[in-house]
């Protein structure tokens with residue numbers, strides 16, 4: 001078997017295939033626990049506290065607090081549960097609820113409260129929330145409640161339950177969900193003598209490790225909502241947690257309308273069912289969504305096709321360049337000089353290929369920010385693929401992204417300043433400070449400007465998605481107290497490092513660029529289609545996760561897609577750079593950046609298409625502004641990251657190409 005140096009097409013495909021299989025395979029190991037969570041064991045009759053989260057809707061994308069609607073308030077009053085940075089940024093507001101369970105104790109027809117008579121303002125608000133398809137999100141032991149819905153022969157699952165529903169019966173009527181039937185799946189745990197953590201209302205305690213203990217684990221949480229109009233006789237003189245008599249029967253009772261002057265009574269049932277599901281596998285029900293098999297096969301097919309095509313293009317390209325270099329180096333100096341006069345192509349721009357581009361400062365700043373964003377994306381997806389950012393730890397993914405972005409500021413400053421010194425020829429020994437400051441403020445400044453505008457709209461809408469003022473200042477403090485100093489430190493190291501020495505000298509007079517039949521930017525813009533082809537399938541599922549509330553969990557495939565995207569961006573940019581040099585166009589710097597960065601334009605077009613065809617029910621100018629604002633921020637990040645990958649690959653290629661040519 002003969003191995004050709006520099007070609008790894010089939011090997012790359014096999015490696016990526018194996019990596020995708022490994023990272024996307026669910027592991028069912030008894031000793032494995034999702035990071036960010038810990039096993040809780042409850043004794044018989046232990047109190048179980050149910051938590052509520054913000055009300056959410058795919059119609060408006062504006063979350064609201066649970067107690068903004070006339071729901072029952074716990075006896076101890078409303079209490080906010082502390083959230084991490086990621087949860088707050090996502091609009092989560094976790095609070096206690098009046099639902100109280102006792103481990104393995106079935107209870108039925110439990111009375112909670114009856115509201116005062118509804119006034120017109122409350123009725124209008126309830127009807128609006130029902131019309132906008134708002135969902136109530138409720139959790140037990142960190143597990144969101146699952147609701148199963150029949151759709152023909154299929155049984156669909158979703159998290160949470162609707163605030164209410166509408167019926168067209170001559171006139172439009174709104175009904176509120178006011179009775180919940182909970183099913184808690186529990187697994188009986190037997191301690192082997194090593195000690196087990198017991199969870200109570202007072203906190204965590206440990207069983208005696210000298211003997212064997214037992215308890216119950218919560219491994220599933222399901223809810224069946226219904227609307228029922230309680231009779232006054234059945235609820236008269238009842239206190240919270242009293243039993244309603246006769247028992248509630250959702251199939252026989254009439255529905256509770258939302259009308260002015262009505263009083264709404266809330267109640268619930270809870271039943272415990274023993275299950276063979278073990279605690280490490282309790283999230284499988286949430287991750288095993290419909291269409292997963294089709295999703296995996298379509299992604300794998302795209303990865304294989306793109307990897308093979310990229311390998312073939314790269315192989316042909318390498319052979320072409322090596323043939324040119326071999327022919328050129330086999331000639332003596334006199335023949336090389338004669339050949340340079342007779343032939344056209346990349347050899348003729350040897351005295352201009354490293355001429356500094358226009359707006360070199362801006363290019364250095366964008367490359368520095370791109371390195372920071374690309375590094376954050378790779379590290380985040382890598383750790384997520386390994387399971388360190390599980391769905392059990394809400395907000396950890398976003399918190400991890402922010403932390404990695406802050407830390408990678410040192411790399412952004414270093415790369416930007418060293419590139420700037422290389423482009424400028426090290427003529428200004430003090431200008432690196434200005435460049436570093438602009439690197440630290442370029443992308444974060446744009447992000448904060450967009451965030452401020454969107455936050456003002458959310459605050460005006462009284463949504464829980466609006467950042468508290470305290471959190472806003474915390475983000476500013478993280479920016480200026482961590483990110484900026486680290487970026488300045490990286491810039492300092494970049495200023496002290498030796499700038500890159502070009503292998504050839506640059507002529508004083510720029511070479512005239514031949515006229516072309518078509519603008520070179522058309523080719524640059526078209527180059528983004530190939531990187532977009534590796535991304536668009538995964539982009540659909542990511543967008544659906546963000547805007548439609550679907551669970552996204554195939555980070556193994558996403559990591560492989562990211563690896564392919566990096567490879568394709570580098571190859572596309574290198575090929576376009578070589579094509580421009582062959583037609584004696586030495587202004588390759590910005591074109592190399594946007595050859596791969598133009599994928600962001602196609603992502604923007606796709607985002608607009610997604611808004612029109614997949615989110616036609618998105619209502620209100622605030623919701624549309626949120627979508628457009630976050631989409632623009634995502635597109636900018638993609639342009640910077642992919643453009644940087646392509647630029648650095650092209651820079652290395654041009655440096656290598658002209659280093660191999662011997663020129664006096």
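Using the three backbone atoms N, Cα and C, a Cβ is placed for every residue, glycine included.
Automated prediction, rather than curation, is the source of TrEMBL annotations.
According to TrEMBL, the feature transmembrane segment maps to residues 296-318, out of the candidate ranges 273-295, 296-318. Counting Cβ pairs closer than 8 Å and at least 6 residues apart in sequence, the transmembrane segment (521-547) and the transmembrane segment (588-608) reach three or more and so form a contact. With Cβ pairs under 8 Å as the measure, the transmembrane segment (395-417) is packed most heavily against 470-495, out of 437-458, 470-495, 553-576, 588-608, 628-658.
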